[in-house]
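Here the structure is laid out as structure tokens; the discussion comes afterwards.
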Amino acid sequence: MANIAHLIVSGLLAATVAHGQQYEGSSRSEDAFSYVQPRNTTILGQYGHSPAVLPSPNSTGSGGWQAAHTKARHFVSQLTLEEKADMVTGQPGPCVGNIVAIPRLGFNGLCLQDGPLAIRVADYASVFSAGVTAASTWDRDVLYERAFAMGQEFRAKGAHIALGPVAGPLGRSAYGGRNWEGFAADPYLTGVAMELSVKGYHDAGVQATPKHFIGNEQETQRNPIYNPNGTITDVLQEAVSSNIDDRTMHELYLWPFANAAHAKAAAFMCSYQRLNGSYACQNSKALNGLLKEELGFQGYVMSDWGGTHSGVASIESGLDMNMPGGLGPYGTIPQAGSFYGGNVTQGVKNGTIDEARVDDMIIRIMTPYYWLGQDKDFPSVDPSSADLNTFSPRSTWLRQFNLTGERNRDVRGDHAKIIRRQAAEATVLLKNEKNALPLKSPKSLAIFGNDAGEPTMGAVNQANFEFGTLAAGGGSGTGRFTYVVSPLEAIQSRAKQANTLVQYWMNNTDIATTDVTTLWVPAPPDACLVFLKTWAEEGEDREYLHVDYDGNDVVSSVASKCNNTIVVTHSSGINELPFADHPNVTAILAAHYPGQESGNSIVDVLYGDVNPSGRLPYTIARNGSEYNAPPTTEVTTTGAEDWQAWFNEKLEIDYRYFDAHNISVLYEFGFGLSYTTFNLSEINAEPLVESISSVPEQRPIQPGGNPALWENVYNVSVVVTNTGDVEGKAVPQLYVTFPDSTPAGTPPKQLRGFDKVALKPGQSQAASFQLMRRDLSYWDVVSQQWLIPEGEFVISVGFSSRDLREVVRVTPVSGST
């Protein structure tokens, strides 16, 4: 979804943006770009194949929702046809998405609010760390706690439905503009984060909405280009089509959404782009086939804002709720009509739409509402949200909303402490030489970089401003800050305790072109801290991977004169780091988007109050041109169907690609340093079942799919020891190498487990990893099921994807089985 400012720009300049981006420093030939149709698609299955799956399956309330399902059916039985149409059609109102109330039934409506790191359209609310930051903790407790705390704030502001968490984009491309909203460029780590986030939201009494389903891996041309001289639905060029083969769909992009379904997610949001030629929000193979049938999803599917492109076809294909309800770009013109709304009423009356299908749409919407107890004592919508909602200001409302509750509620509680602690734990220490960190009572510090200080445009909303620290990205996934603690503010506060001299310069242009020895007085500082940033936002993909505002030149200028240069990046994700090997750059920390406690969290790490335990949720290549799978950013023809993104890299994204092609990297997936050291020993794999067959037992589908896939079949344990001098947290990671009998195209190794273990110096503790059947299975495109291949699996445990220290081999299925 887009905020209103970006909506206007996108609507007017879509063609310019779509054709204007190039990749800096790239020497790729045309054949390397993803819009070229691959010549050989036989290995992993057919491309562009989305067979119709009709009708849309009815919900059953399975997975423990039966009582709520019964209440939902009773509710639907009392509705008029017009009320049924209202229940599946959004209306402009106080929240970014609204379902109107039905007072005669005691139903107060539904409030849907962004987003994945905060309740965006609200004041006096916290702004948490971004998804990529949370994933960098590799900590299950953090992932759950973050979602639970956010859910508390959503509920206190009267929001029934949180529009998050994010598994799409997964991170296919390093340039993805919204990668920071998601978690990791890996389906397993993202899947764990999705499952725990859904549980956290739900335990707080708020509906989770995993998004964007599915194949939403670029921003460029995510929506069609409309004819400015035509009707409101007259399209010049369709949205880009993500063309994904069957095996890749299951093993990469569907995998984390399966975790979300397994956690009994209330809703799913379908994505803007086309999938194998059909818009994702009317792709019956994806919505009916994959989600509702294969994964047994019992909740409802809502469109992304303006992602609905038809009425009857979308309803039949599995779209249950049209948001925000109107026509036009991003669905923001309700006065022009709706694909749903009155057309639902008319379609039922003339027999075009089966009323039983409409009933199931509403049952799916109301079942999680009752399951979470939102029909009892749920807070009213904070009236101030209506004043802040530029997406649907009051002048656009077609219905009246009863906003009588407390205004300007402060819902933050003690969440600042949580945000600070989590952001510190997420910080990834990439380099630390000459014992540069932690800082040891420095007498003098020099601070450089336009990311160090206060946001000069105010802290309320993040934007790509030149001066001021960057704590979140842009678009609907951002937050409305009450305050941001800048690095400079936090360092100055800490420095006062030790009478440390702090000097600072925040004009990158001046720093990059000045002899910095002329800046510091009276002597060289003990350490030079350089703060760099990289902006990313919804609606556009990144054009380059280096840091913004001449950041590399800033580092070069400082490091040429300061032999203890410490670099901190606040970034959406992947950056080229050409200064990593500079001898005077003694330390590098990746802090990503840390949220409102940005400065405090980095100071905790710099001074050693927190031992960094963050690990990379992606790979940092030596050169940006080495990444595969760039987004499609240029189409030279004007045909309606010309925007195609061929996912011909198949399963080879991020570390899987670099491993498959034996490419050296700067910092590998899962990498991160500590102020202490760790070791592993005594690996062991214990089978948890007497025998394992290649084919899973066929059981009634539950949320998440066949329950047999979620059963643990092995327990792998390893002893972790702190071999250093200070307390710290180790992150042992388990990777699986599949047997040679697995079909071609299988990555050399895949993450299938991780743990986080706090250890005092000299302490040892066992870490354990539960391997499920699905962890040892591949998707067979012929039999259309998950199979465990015959032969020997290699299970490796280490501290990153390329630091594997303990190995054990298991053979779940032998050739004679």
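The backbone N, Cα and C atoms fix where each Cβ goes, glycine too.
Quick look at what Swiss-Prot annotates:
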- 1-20: signal peptide (SIGNAL)
- N40: N-linked glycosylation site (CARBOHYD)
- N58: N-linked glycosylation site (CARBOHYD)
- N229: N-linked glycosylation site (CARBOHYD)
- N276: N-linked glycosylation site (CARBOHYD)
- D304: active site (ACT_SITE)
- N350: N-linked glycosylation site (CARBOHYD)
- N402: N-linked glycosylation site (CARBOHYD)
- N563: N-linked glycosylation site (CARBOHYD)
- N584: N-linked glycosylation site (CARBOHYD)
- N623: N-linked glycosylation site (CARBOHYD)
- N662: N-linked glycosylation site (CARBOHYD)
- N679: N-linked glycosylation site (CARBOHYD)
- N715: N-linked glycosylation site (CARBOHYD)
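All features noted in Swiss-Prot, drawn onto the structure.
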residue: N58; record: N-linked glycosylation site; DSSP (3 states): coil
residue: N229; record: N-linked glycosylation site; DSSP (3 states): coil
residue: N276; record: N-linked glycosylation site; DSSP (3 states): coil
residue: D304; record: active site; DSSP (3 states): coil
residue: N350; record: N-linked glycosylation site; DSSP (3 states): coil
residue: N402; record: N-linked glycosylation site; DSSP (3 states): coil
residue: N563; record: N-linked glycosylation site; DSSP (3 states): coil
residue: N584; record: N-linked glycosylation site; DSSP (3 states): coil
residue: N662; record: N-linked glycosylation site; DSSP (3 states): coil
residue: N679; record: N-linked glycosylation site; DSSP (3 states): strand
Nearest by Cα to N58 (N-linked glycosylation site), of the glycosylation sites N229, N350, N584, is N350
Return the member of N229, N276, N584 nearest to N623 (N-linked glycosylation site) in space, with distance defined Cα to Cα and candidates limited to these glycosylation sites.
N584
Using a 10 Å radius around its CB, how many other CB atoms surround N229 (N-linked glycosylation site)?
7
Alpha-carbon spacing, N229 (N-linked glycosylation site) to N402 (N-linked glycosylation site), which is rounded to whole Å:
39
Rounding to whole Å, the Cα atoms of N402 (N-linked glycosylation site) and N563 (N-linked glycosylation site) are apart by 63
Taking Cα-Cα distance, which of the recorded positions D304, N350, N584, N662 are within 10 Å of N563 (N-linked glycosylation site)?
N584
Give me the count of other Cβ atoms within 10 A of the Cβ belonging to N662 (N-linked glycosylation site).
7
Nearest to N679 (N-linked glycosylation site) by Cα, among N350, N662, N715 (glycosylation sites)?
N715
Please give me the CB contact count at 10 A for N679 (N-linked glycosylation site), counting all chains in the structure.
15
Inside 10 Å of the Cβ of N350 (N-linked glycosylation site), count up the other Cβ atoms and send me the figure.
8
Compute the C-alpha separation of N584 (N-linked glycosylation site) from N662 (N-linked glycosylation site), stating it in Å without decimals.
30
Just the number: how many Å between the Cα atoms of N662 (N-linked glycosylation site) and N715 (N-linked glycosylation site)?
30
Could you round the CA separation between D304 (active site) and N350 (N-linked glycosylation site) to a whole angstrom and send it over?
28
To the nearest whole angstrom, state the Cα distance for the pair N715 (N-linked glycosylation site) and N350 (N-linked glycosylation site).
58
Measuring Cα to Cα, how many Å separate N350 (N-linked glycosylation site) from N276 (N-linked glycosylation site)?
32
